[in-house]
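Trainee: I'd like to ask you about the structure that follows.
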Amino acid sequence: MANSKEEQVAEKKTAMRNLYISGFLSVAQTVITIQSEPLLIKELAGGDIGLTARMLANTQGLVGVLGIIINQIGGKFSDALGRKQFLALGPVANILFGLLIYRNSHKRQLVLPLRVLRAILTTFSSTVMLTAALSDVAQGAELGAAISKMGAAVGAGIVITPFVEALFLQRSNSPRTAYLLLSMLGCVHAAFVGLSVPETLRRAQRKTLASAMQLSSINPFGFLNIFRRGSTGLQKMICIQTLQMFLEGKNLSDLVELWKREHLKWTVEGSRNYVMIYGTLSILSGVYVTPYFLKNLTARGFTSATNLLNLFGFLVRGAREQSWIFLLAVIPMLPGVNGASATALKSISTDLATSEGFGKGEFAAWTNNLRALAGAIATVLYGNYYSWCKRTGAPAGTTFVLAGLIGAALPELLLRLTKDSEMQRSKDEVPEAA
């Protein structure tokens, strides 16, 4: 019996480690074009910065809208068929997308739709499926710690990948080269999932295929069930997390790239070094700072602290077009950066949703649909506001202020309107002390 328990613990550790590696490879496929894609879109826009910002923003907004449907359908089917094949979907698609964009980089009508499809499928195979897979093997505080470690894996991808991209950008002097690297990473990731990532959803825990085939499975507004069937506490926690996603890195990456190049006048090397340093700090924060906050603060305390730190960082970030201010603003944001501010509430809301009868894959898809909706609104809002600033002469740095107010100040206000009794892992749990 002891051996059986030891084997189960060992299997769980192996599964979680391989999921972290899968997360790293997913991030690498996103970040490998972090400089190249805006440069390529700028070429397609004929060098017009305002048009570039609108094209980047509107395509990213479309990602959020269409992603809602894919996440809904895929989440339901993963609850019936398992996670593994869906973890491989994004990498396999990236093999094809990378080759197509490399060979047709001058065709706007191909590059922009593939940008949208690539982002949708990569996000689904990483964020949605990894969250569901982690919740299959971990619960409670262990799930919160696992999410934090996944953040460290994300940071590792952010550190390593830009160096490779910048190296090829310098040698080829063409942004399309990065898409060959995207295809290569897709091959590696697909092979890794096939050979090393276990199926985390046991057959006994799966839902019937018939339930996934129902018309409700393709309802893009299925996430509204959270607000129809979920408890008040679950609804409030989900709203807080959704607002916090307005500060997620992918929603700001295009804006940050434009800010670095057009306002701070950074080179490819300077941008690469920043991303690598930022990623290194994100890893250290994910391994040491965020877990320390989680351990020593209540869920409310952690969420409030990271909200306020994020707000301060974003208010400072675009105050002046000076590199030292931009770099200094990174420090207070580290504990809650890139959605980490939602870590404490995410594990609580996942457990609460399970206790209220929601499927884990289904719930992961719904929360990611809300995340995608936030991303769609955020990118369109930021991009078009920035474009308006460029046209009117208003300070472009106020775009960061706008982001901070929506993604940190508003969720903090909602948190203060949430009772302790509403922030618990199940209806029967005694509320934690404030």
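Every residue number used here counts from 1 along the chain in the order it is shown.
In case you wondered, yes, glycine gets a Cβ from its N, Cα and C as well.
Values in this document were obtained by computation on a predicted structure and should not be read as measured data.
Residues annotated as transmembrane segment in TrEMBL: 20-41, 86-104, 116-134, 146-169, 178-197, 209-227, 275-294, 324-345, 394-415.
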Trainee: Any contact between the transmembrane segment (275-294) and the transmembrane segment (146-169), i.e. 3 or more CB pairs below 8 Å with pairs at least 6 residues apart?
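Mentor: In contact, yes.
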Trainee: At least three Cβ pairs under 8 Å linking the transmembrane segment (178-197) and the transmembrane segment (394-415), pairs spaced 6 or more in sequence?
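Mentor: Result for the transmembrane segment (178-197) with the transmembrane segment (394-415) is no.
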Trainee: Between the transmembrane segment (20-41) and the stretches 86-104, 116-134, 146-169, 324-345, 394-415, work out which stretch tops the count of Cβ pairs under 8 Å.
Mentor: 146-169
Trainee: Under 8 Å for C-beta pairs, could you tell me which stretch among 86-104, 324-345, 394-415 has the largest tally with the transmembrane segment (146-169)?
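Mentor: So the stretch in question is 324-345.
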Trainee: Quickly jot the same-chain residues contacting the transmembrane segment (116-134) by Cβ under 8 Å, restricted to those at least six beyond its ends, or write none.
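Mentor: Residues packing against the transmembrane segment (116-134) from afar: 15-16, 19, 22-23, 26-27, 29-30, 59-60, 62-63, 66-67, 70-71, 74-75, 78, 83, 86-91, 93-94, 97, 143, 146-147, 150, 200-201, 250, 350, 360-361, 364-365, 367-368, 371-372.
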